[in-house]
Amino acid sequence: MQLAVYLAVVFEIIFVNLLTADSCSKRRYSGAITALSLAGFSIVLVAAAMLLLGLLPFFGNGNGLFVFLGFLYLLPLYKLYEGPLRRCIIVMCCAWIYTLSAFAVSVHLSKALHPGEGFENVALLVQSVIFLLLTPRFLRFVRRRFLPVLEGMEQSTSLNLLKTSICWFVTIFCIHFAFVFPQYMVLRLLALVVTAYNALLCYRLLDTTVSGAQRIRSLQRTVYSDSLTGLRNRLCLYRDAEALLRDKRPFCFLYLDLDRFKTVNDQYGHLVGDEYLIAFSKAAQTALGEDGTLYRIAGDEFSALCPFGEPEALARRLAQVSPSLGRKPFLGVSVGCARYPEDSGSLDALIGQADSDMYRRKRLKYPEEK
């Protein structure tokens, strides 16, 4: 009877571990072949483990040594499921940490509730209740939160996660083992050392994660910024405008075109032309203030998204911008505007309407250039 309880505890843990692996991985073969292969492997492994562990004097005291046999499951899992070995180990470590924690809690709680012989029956009951209540939530967490993060992780970060996962497993086991054998001071010292090392690995994992996030933010700034003026670029304009459209937030779209900018390049050269663009960018963004954001579209063309302010007043404010250029005159800027949602609900249509309005105003200023 006692052996049957031990086997039930072990097979319950194996079932949850394999269920996690199957839920998080793509099978290479049919479900029947996979299930039969893992069942056969489990029977052989558990039978051999019981024979070997049964020789130990402390067999059956809830020490949990059998959990280390879980590493042998990497062999069939790697062959039966697709994906790199590192991913397989990380997923299985996550499952082992969960099942080992449930086992340890059930053992120590059962010994507290039922000290002496027969605690294993209570342990099986407690472990079963834990798995019934928490396993569905654990699997949802792994599939919806853990795996998406794992799939998009850099190699260096995933390697640190692998080390941390293995160390967490060893940490929980060492703490559990120290409770099972409280008379051995060395086990408690080992648990403290492993816990301290695990903390170090967690900080290292945090460092690689934060460093990766900083690189991503730096890359985003590069992708969404204009290298000359420092303004946001066309790609960023579409991103920000789509966000406003999704939220159905009213805004004004302004289209700006520098007047006769070609003559600046022709007369003074492209370096001066660049200085001209930079000076205008700073002055125009200052004029907008907190009413909107300025973007450089291309060449001498700019745009602005303005969630605040009256469109015509904003257009006049920008049209009156006159940056200081030393002895070189500022030749002016023409501004057209369109409103969402009054004029259109499409960004492309708003751009087209503001562009047409800008050219209409430019023709009024320079009728000879029709």
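The backbone N, Cα and C atoms fix where each Cβ goes, glycine too.
TrEMBL: automatically predicted annotations, no manual curation.
According to TrEMBL, the transmembrane segment annotation covers 6-24 (among others).
Per TrEMBL, the feature transmembrane segment maps to 36-59 (among others).
Residues 10, 13-14, 17-18, 21-22, 25-29, 34, 37-38, 41, 45-46, 49, 53, 56, 88-89, 92, 96, 99-100, 103, 173 of the same chain lie 6+ residues outside the transmembrane segment (65-81) yet bring a C-beta within less than 8 angstroms of a C-beta in it. Per TrEMBL, the feature transmembrane segment maps to 65-81 (among others).
Marked as transmembrane segment by TrEMBL: 88-109 (among others). Non-local neighbours of the transmembrane segment (88-109) in the same chain are 9, 13, 16-17, 20-21, 24-25, 62, 64, 67, 70, 73-74, 77-78, 81, 119, 122-124, 126-127, 130-131, 134, 138, 142, 146-147, 150, 158, 161-162, 165-166, 168-169, 172-173, 175-176, 179-180; each lies 6+ residues outside the stretch with a CB under 8 Å from one of its CB atoms.
Counting same-chain residues at least six beyond the ends of the transmembrane segment (121-139), those with a Cβ under 8 angstroms from any Cβ of the stretch are 5, 8-9, 12-13, 16, 19-20, 23, 62, 98, 102-103, 105-107, 109-111, 113-114. Residues annotated as transmembrane segment in TrEMBL: 121-139 (among others).
Look at TrEMBL and you will find 160-179 (among others) tagged as transmembrane segment. Residues of the same chain lying 6 or more positions beyond the ends of the transmembrane segment (160-179) and with a Cβ under 8 Å from any Cβ of it are 63-64, 67-68, 86, 89-90, 93-94, 96-97, 100-101, 103-104, 107-108, 150, 153, 187-188, 190-191, 194-195, 197-198, 201-202, 204-205, 208.
Residues or ranges marked as transmembrane segment by TrEMBL: 185-206 (among others). Long-range contacts of the transmembrane segment (185-206) within its own chain (CB-CB distance under 8 A, at least 6 residues past either end) are made by residues 157, 160-161, 163-164, 167-168, 170-171, 174-175, 177-178.
Summed and averaged per residue, pLDDT over the domain 'GGDEF' (249-370) gives 88. Marked as domain 'GGDEF' by TrEMBL: 249-370.
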Cβ under 8 Å to the transmembrane segment (6-24), counting only same-chain residues 6 or more beyond its ends: which ones? 34, 38, 42, 46, 49-50, 60, 66-67, 70, 73, 77, 81, 88, 91-92, 94-96, 98-100, 102-103, 120, 123-124, 127-128, 131, 135, 138-139, 142-143, 147
Other parts of the chain folded back onto the transmembrane segment (36-59), taken as Cβ under 8 Å at six or more residues beyond its ends: 3, 6-7, 10-11, 14, 18, 29, 65-66, 69, 72-73, 76, 80, 181
